[in-house]
Structure formats: structure tokens, C-alpha cells
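Asks: Here it is, the structure in full.
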Amino acid sequence: MSTPQSNPVITDIFVVGARKGWNIATSSTLPNVVMAFIIIKALEITGALKGLGILFSPLMGLFGLPGEAAAVLIGGWMSMGGGIGVAIGLFDKGIITGEHLAILAPAIYLMGSQVQYLGRILGVIGTNAKRIPLMIVISIINAFLAMLLMRIII
Amino acid sequence: MQEDKVGPGAYLALVFAAVFFSGLLGGNEWYGVFDFTTLNGTFGKVVSKVSLDGETLTTATSAFRGTGGNGAMDGFLFALGLIPAVMFALGMINVLEHYGALRAARRLLTPLLRPLLGIPGTTGLAMIGSLQSTDVGASLTRSLSDDGQLTENEKDVFAMFQFSAGAMITNFFSSGAILFTLVAIDGSTAVPTSIGACIGVMFIMKIVGANLMRLVLAITNKKVSR
């Protein structure tokens, strides 16, 4: 085992790390989350969120889902919990079934909360901005492949 | 970074890290003392609404963010709540790193992470952490990259792994699991699959996505060097 030269107290080692955490949290996490929440608000009040739902609905049929299910994925893209909320609401109205929920569940997470995670993951890591659209596209591909996979499994 | 000796203490620290950040021992039993989320705790709730329900006065409580918040103000308070977790996680990681956990992780995970994702084994702890918390995963990746332990391409591949289904375990168990409690009109369980199947599909797709990123980077790098 490696023995350090001087034996620092375990609490001191913790505090050094915690200070690193404070610096990352205040200089990266916090400003990025604030920005994400502003974007979500802007999309909501301009009605862009609703417009996206109409635009993408024909695509959903390919995955054995009704057009309304697009709202679940779009909701999920904004926030995972929101996607689940929309899914439960549609299930309650009888628009989507339990099978549809099974197909949608992994997909919601695979493309989930990305507006927020642009800041909380990519912003904190320091990903080059020109790579971000590609990462969003790959996440959406992930989600759609998962829907096909879930159709086979269930 | 020099290749230090990896003794049993380092492996013990690594096992502790894996258990500590996996959420395996979560809950308010005595063993919760070995779980990150349990020790991280939650903010208490404050009364947000009082209403008269017949003869009885009922109160509704919500988190310190309050109810109905939105925009930048809400985002700020939400982010404030993330700070203790990031501080706690990096504090613990510093301690575990001191005892050699990172060296043990690299030793064990390098042969797996290289072929699977094309990233070094040092990312093992960040990977374990990222399944439970996006902020832990991202902060650890940032410090690895700042320390020069990840190349730009490796960083992008690893970021892709984290970005699709971020904090998969925590997020799925905190909201997705609700779907499995829904019942159909005839009283049977509505969703015809298991939580485990969903987790499995998500994990496979996270690896697929990271490899799509790897493929794109390999193709574009070739074009640049031509």
C-alpha cells in the first residue's frame, strides 16, 4: 500500500475535495442550471413546445405509438419527470396503453432532461459547443432504438 | 500520473466507493451510513398552503423551493440544492483517492472500458457516480480532464455516455418506477415489462450511443488528417 510522506487528517482531505466541489458547483453547475430553466420557460410561453408536438406526431406510428406519444418524448426531453407526468396523463385518458408506456419508458430517460443536462453535464464537463447537436441527435437515436428494442422484448 | 502500487487497501477503498455511490445500501436503516444519497439527505419541507377541509385544517408542504416557481429564479434555487451533493461527493472522492481507490479502479476497469467505450479506466469512479448523479459524474469528469487524464475525444465519448439517460439509476427509480404501479381497467398491472428490463435496455443504449460518438469522431478525425 502506498503510504504518504506526511499523514494528513482524513477530515482535512475531505475539506480539500469539498472545496473543489464548491468551486465547480458555483462556477459551473449553478449558472448552467439557471440558463436551462430560462430556456424551458421561453419554450413554454412561446408555445414552441406545443408546436413541436404537432410537427413530430406522424413519426410515432413507426414505433407502434399514437401521435400523442410524441408529447411524452418532447416533455421528457425537457424534463424526465415531466415526460413521465405526460405519459401518466395520457394513460389516464386512455389515449396510450400499458404496452405504449413500456415502449416509451427507457426512451424518456435516454433523451431525457437534456435541456437541463446541457448545463449540468456538458456545461460542467466543458464539451465543445459544436459537438452538442451531435450528442442530442445520438441521444434521440438511442431513444428510438430503445423503442424498437422494447417492442421486441414485450 | 505515475503507476503506484495497488494494495488491498486500495481495492477496499474502491469497493467502498462502488457501494457508496451505487445506492445499494440506501435507506434510513443503520447501513444507510454507507450510502451517498442517504448521508447527503434532503432539505426539510416547509408549509406551502393551508386549507380548511370540512372541520379539519390541512396543510400542504413542499420543498424549500416553494410551489409554482419557474424561470431563472426557480433554476437558481434548484441549483442551490445541488451544491451540497457536489461538495460531499468531491470531498469523499478526495478521501477515497487518497486511499488508492482511483488507482484500483483504473487497474480493474481499464481492460473493460477500453474495448467497451475506448476510455481509460480512471473514469471508473466517475462512471459509477454518473449512474447515480449527473452532477457527480460531470464534476468528476471535469476534474479528470483538468488533470490531463482524458483526451478531448475520450472526454466527448464519455460525455455522450453520461448525457443519454443521465443519472439513470436515480432518475429511473425516482420517477420511471411509478409507471410500474399503474393498473389496467381489469385490475392487472398495466406495463408488461420489468424495471430491470428497462434499466438493462437503457444501459445497453448508453454504451451504443457512446460508441456512435466514437465512430463519428474516428471518421471526422480521419478526414482532418487526410
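Note that Cβ sites are derived from N, Cα and C of the backbone, with glycine treated the same way.
Automatic prediction, not curation, is the source of TrEMBL annotations.
Residues or ranges marked as domain 'Nucleoside transporter/FeoB GTPase Gate' in TrEMBL: A:28-127. Taken from TrEMBL, the feature transmembrane segment covers A:29-49, A:69-91, A:103-126, A:132-153.
Help me understand the surroundings of these features in the structure.
Replies: On the 0 to 100 pLDDT scale, the model's mean across the domain 'Nucleoside transporter/FeoB GTPase Gate' (A:28-127) is 83.
Within the same chain, residues 24, 28-29, 31-33, 35-37, 39-40, 43, 63-65, 69, 72-73, 76-80, 83-84, 87, 96, 132, 135-136, 139-140, 142-144, 146-147, 149-151, 154 sit at least 6 positions outside the transmembrane segment (A:103-126) and bring their C-beta atoms closer than 8 Å to a C-beta of that stretch.
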Asks: Could you give the residue numbers and ranges of same-chain residues that sit at least 6 residues beyond the transmembrane segment (A:132-153) on either side and whose C-beta is under 8 angstroms from one of its C-beta atoms?
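Replies: That would be 63-65, 73, 102-108, 110-111, 114, 118, 122.
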